[in-house]
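Just below is one structure, and these are the notes that go with it.
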Amino acid sequence: MATERHYSPLDRLLLQADTAMRTLLPFSGQPARPSPAIIQPDADLDEQQSRHIAGLMRINHTGEVCAQALYQGQALTAKLPEVRKAMEHAAEEEIDHLAWCEQRIRQLNSHPSVLNPLFYGMSFGIGALAGLVSDKVSLGFVAATEHQVCKHLDEHLEQIPHEDEKSRAILEQMRIDEEQHAESALEAGGYRFPAPVRFGMSLLAKVMTKSTYRI
């Protein structure tokens with residue numbers, strides 16, 4: 001019968017460093033699922049459309065970088081083993097989103113945001129602090145963050161032309177996954193943040209979206 005491996009604090013720190021490198025280095029994230037865009041036809045996009053869609057996908061890619069860092073920070077400080085496992089599992093699913101977004105950005109002849117290391121560090125710190133407060137707050141932060149991501153995805157789906165079926169397929173699958181992450185966090189006992197806290201989080205999200213759209 002297999003036994004669960006127990007990691008020392010140093011082991012976990014090294015694993016976190018490895019995850020950070022795989023998140024931030026180009027082409028280093030290996031998705032477990034193929035991109036939904038693979039089976040979709042190419043669209044005849046003009047230069048302005050391609051540039052705008054690339055900007056939106058860059059925002060989504062950075063959002064996934066932040067989510068990955070958030071989950072890793074929370075997993076590092078989670079008090080209950082089952083909560084830590086849930087965070088690590090969610091982080092694994094976010095790798096798919098990271099890879100899909102990067103692939104699409106490259107197809108549009110653009111690049112991920114140069115600000116990703118900054119946002120990774122900030123999000124990791126926030127996640128670790130939330131985990132130190134309590135698992136309930138940590139899970140609640142996941143739910144609130146994922147709901148914010150879903151809102152961004154909805155806004156982007158409204159802006160992306162219907163003929164760009166590749167980008168739309170990616171965002172639609174991401175939305176399904178993110179909504180599931182949010183609901184799972186609440187079902188696991190996550191705290192439902194009040195409106196003022198959610199509003200503050202939305203303001204921080206706007207800083208990220210405005211800055212990463214172009215760089």
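Here the Cβ of each residue, glycine as well, is placed from N, Cα and C on the backbone.
Note that the coordinates shown come from a computational prediction; the quantities given were computed from them, not determined experimentally.
For GLU64 (Fe cation 1 binding site), the same-chain residues 6+ apart in sequence whose C-beta sits under 8 angstroms from its C-beta are GLU94, HIS97, LEU98, CYS101. Per Swiss-Prot, Fe cation 1 binding site is recorded for GLU64, GLU94, HIS97, GLU178.
Residue density at GLU146 (Fe cation 2 binding site): 24 other Cβ atoms are found within 10 A of its Cβ, drawing on all protein chains shown. Positions annotated as Fe cation 2 binding site by Swiss-Prot, on the basis of sequence analysis: GLU94, GLU146, GLU178, HIS181.
Cβ neighbour count within 10 Å across all protein chains ranks HIS97 highest among the binding-site residues HIS97, HIS181. Those same-chain residues not listed among GLU64, GLU94, HIS97, GLU178 yet with C-beta within 8 angstroms of the centroid of the Fe cation 1 site C-beta atoms are GLY63, ALA67, GLN68, GLU93, ASP96, LEU98, VAL149, MET174, ASP177. Apart from GLU94, GLU146, GLU178, HIS181, the residues listed for Fe cation 2, the same chain places the Cβ atoms of ALA67, ALA90, GLU93, HIS97, VAL142, THR145, VAL149, ASP177, GLU179, GLN180, ALA182 within 8 Å of the centroid of those Cβ atoms.
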